Amino acid sequence: MQNSENHHPHHHHHHSDTEIIGNDRASYSGPLSGPLNKRGGKKSARFNIPESTDIGTSVGTGGKSNDDAYVEITLDVREDSVAVHSAKTAGGDDVEDPELALLAKGLEKKSTSGSSLVRNASSRIRQVSQELRRLASLNKRPIPTGRFDRNKSAAAHALKGLKFISKTDGGAGWAAVEKRFEDITASTAGLLPRAKFGECIGMNKESKEFAVELYDALARRRNITTDSINKAQLKEFWDQVADQSFDSRLQTFFDMVDKDADGRITEEEVREIIGLSASANRLSTIQKQADEYAAMIMEELDPNNHGYIMIENLEMLLLQAPNQSVQRGGESRNLSQMLSQKLKHTQERNPIVRWYKSFMYFLLDNWQRVWVLLLWIGIMAGLFTWKYIQYKEKAAYKVMGPCVCFAKGAAETLKLNMAIILLPVCRNTITWLRNKTRLGAAVPFDDNLNFHKVIAVAIALGVGVHGLSHLTCDFPRLLNASEEEYEPMKYYFGDQPESYWWFIKGVEGVTGIIMVVLMAIAFTLATPWFRRNRVSLPKPFHKLTGFNAFWYSHHLFVIVYTLFIVHGEKLYITKDWYKRTTWMYLTIPIILYASERLIRAFRSSIKDVKILKVAVYPGNVLALHVSKPRGYKYKSGQYMFVNCAAVSPFEWHPFSITSAPGDDYLSVHIRTLGDWTRQLKTVFSEVCQPPPNGKSGPLRADNSQGENNPNFPKVLIDGPYGAPAQDYKKYEVVLLVGLGIGATPMISIVKDIVNNMKAMDEEENSLENGHNNMAPNSSPNIAQKKGNKSGSASGRNNFNTRRAYFYWVTREQGSFDWFKGIMNEAAEMDHKGVIEMHNYCTSVYEEGDARSALITMLQSLHHAKNGVDIVSGTRVKSHFAKPNWRNVYKRIALNHPEAKVGVFYCGAPALTNELRQHAWDFSHKTSTKFDFHKENF
């Protein structure tokens, strides 16, 4: 029968065979609401198909009969299921439309309880009716011009998306869920509370709200209205969540957003899911702007202002993603596959050959460190052997035996190491040697602090051998020697001692014990556990942890060196002054180190700086912009020391310079990680003001007039000092990796590359135009080259970098505010595509996770529309989760065969080994050579 309401548009009484959808009506016929018998039977319904929609190839409107405008769907209704038996046109032709085929699969609903089906027959029929209405609504919508294409690439991309549980393999995943269910429901009579659903299926605490919404969506689909479910229902939920079908995932996600289950998503529902996704990914900025982003999605996906969007709109958005990326050609894919095969680990069968190859690779990568360590160990071995042989010939050997030889041999190595341990911390000397001499090619100056620590270990071992040899061997032998045996020792020790106290109360004993105690304190507080606050101590001992404790305890060396000289002058056995050589070892290193400290004090006092700008950013980062002293020259990647008397007049702390050499100011970004930096931030926060008009943003204080604000604390600087990253210009290709605040030296390099590119462009344009003099607004880099006869050739010789890859990985969204201006400037000025920048926010779930799916959609829409990334707030599009570093190296190796790539890393030590290992692997298995460098402070 046809719908009579088509002829009476103002009649609003809804018969059982009519449903209103939007402003349109869809008709159907058949006894859907009649009673069901227990055995079930087939029920049919007829649906009107709008003229704008064609079904398959057999249904149309032009020239067709009235029956052709209807589809007849036959349902097979049984006690425990409702299945689609057939779908035909009213004329009897089978329907081949894929959406109807999808409906046929979707309508097959199995009942959780066979007996309850009869009792709830009417509600089940209403559910089926709702699904049919959704189909009618779906077919009524005009197909968009840019209809999504389920090609191979799009399908592959889609299957990676909307995963509700990461790293699950179905069966094994359910076993873990089942175990958690048993644990959680042990006290709840086998019922899983709604609030514990996320924990049970393996989601973390940050996703609790998201998990609750997922529970609600799955429950709505099954007409479950309770706040708890049993194990069988959980299994149903899990099967849908873990379903690998993209269509199933899409439907589940759609159901989460579509809270009223009407098959449409309104702007309010979009706003709620945006807030939920932002909360799960700890993106507070997006959460605050949920209204704006919801309006943007509706504007994009609902251009006809229907007031809602449908499931196919979300699908279209997801399947568009592969088209936005540049696809590699067949040749590149083949190269990538060949490289992957080459990089596969192959085990050499012959252990000798395997060991030899590994050893040669190790030597090739570490020859600078190897020869320095071998020279140092050789010198120590020589000194030890020399003293051992020397004392073996003395009369004391007959009484004290080889113990005196071990004690004196260890003492000689201690003299050497106490002298050279000062050299690696003579930073001015090291910076001069690496910048002004060619020693940097053979000496690993970048490992100065590591060498300092290795020497400290050798000192600890030397003290142990020296002290134990005396205390456990030499002194007992002297105490227990007979009068005849002791006779030769009277010249050195006087009358034979009667107890240990005689040795301890002497100058040698007192100085030795005090030195050991002070060294033990300094060494202990210098360990990472104490220095980086990894040890939690009760009050008042908590002050023994942190950088302040390390810094002050390290200055106990002044007392140690004084006692060391006294100890060396009061030797028992050596009486001749010229044989007491301790002062000879220490004189030059002590003078050199003292000169370094005097230079710092002198240089910082005459090179006065004024604070220009201060900002306190999210993530506890303080940015200081100070005036650049006259004649202050530095390289990108270098660092300087900062002192603030308002915090501590004695402490100097190193920080990477974030400004570029061409800038007319100096800047550092300081993260509060310890006592001193926390106090520094507090001091400057007091003079900063919040943004006007209640806007969100960093605290700021600006002194653009150039006269120092009296409220600003006084700051002194010392430097610059050499660092590994300053050598980036030697490489045509560089990989810059910064972890959190470790991006600071890399930012300076990015700015320097941009300035150099700009300078070279200006120089080339000037030469092309025939001008010999530079324009007044030329870059400072040009001015430095002025007068150089080689012109642009000189610029090219000094600056070799032609391609830079910058990866910044940070945990918090607010971190991107630190260098937002610099990132935007680099993106705007890099017309030649020299710098490839990648921001990674690890708080956001990886691409493909349902919890970040809407964030990904928002990001794509906003970046395409406004050119700004919603996560970083810059022109650089952000990635989610952590980078796949192997793929990063692989892509660079493919893009730059036969090239030498400089890899510069600054950040937490955890990533060092992985980056170094990849550099080693790709250097020895591809034609691209990677030189790895890590910043050390």
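The backbone N, Cα and C atoms fix where each Cβ goes, glycine too.
These features come from TrEMBL:
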REGION    1-66  region 'Disordered'
DOMAIN    245-280  domain 'EF-hand'
TRANSMEM  370-389  transmembrane segment
TRANSMEM  509-529  transmembrane segment
TRANSMEM  549-566  transmembrane segment
TRANSMEM  578-595  transmembrane segment
DOMAIN    599-727  domain 'FAD-binding FR-type'
REGION    687-713  region 'Disordered'
COMPBIAS  702-711  compositional bias 'Polar residues'
REGION    762-796  region 'Disordered'
COMPBIAS  767-782  compositional bias 'Polar residues'
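Each residue of the domain 'EF-hand' (245-280) gets a DSSP state, and the totals for helix, strand and coil are 26 helix, 1 strand, 9 coil.
Long-range contacts of the transmembrane segment (578-595) within its own chain (CB-CB distance under 8 A, at least 6 residues past either end) are made by residues 415-416, 418-420, 422-423, 425-426, 429, 561, 564-565, 567-569, 571. Summarising model confidence by region, the domain 'EF-hand' (245-280) averages a pLDDT of 79. Residues 418, 507, 511, 514-515, 518-519, 521-522, 525-526, 530-531, 543, 582-583, 586, 590, 651, 676 of the same chain sit 6 or more residues outside the transmembrane segment (549-566) yet have a Cβ under 8 Å from a Cβ within it. Per DSSP, the secondary structure of the domain 'FAD-binding FR-type' (599-727) breaks down as 26 helix, 44 strand, 59 coil.
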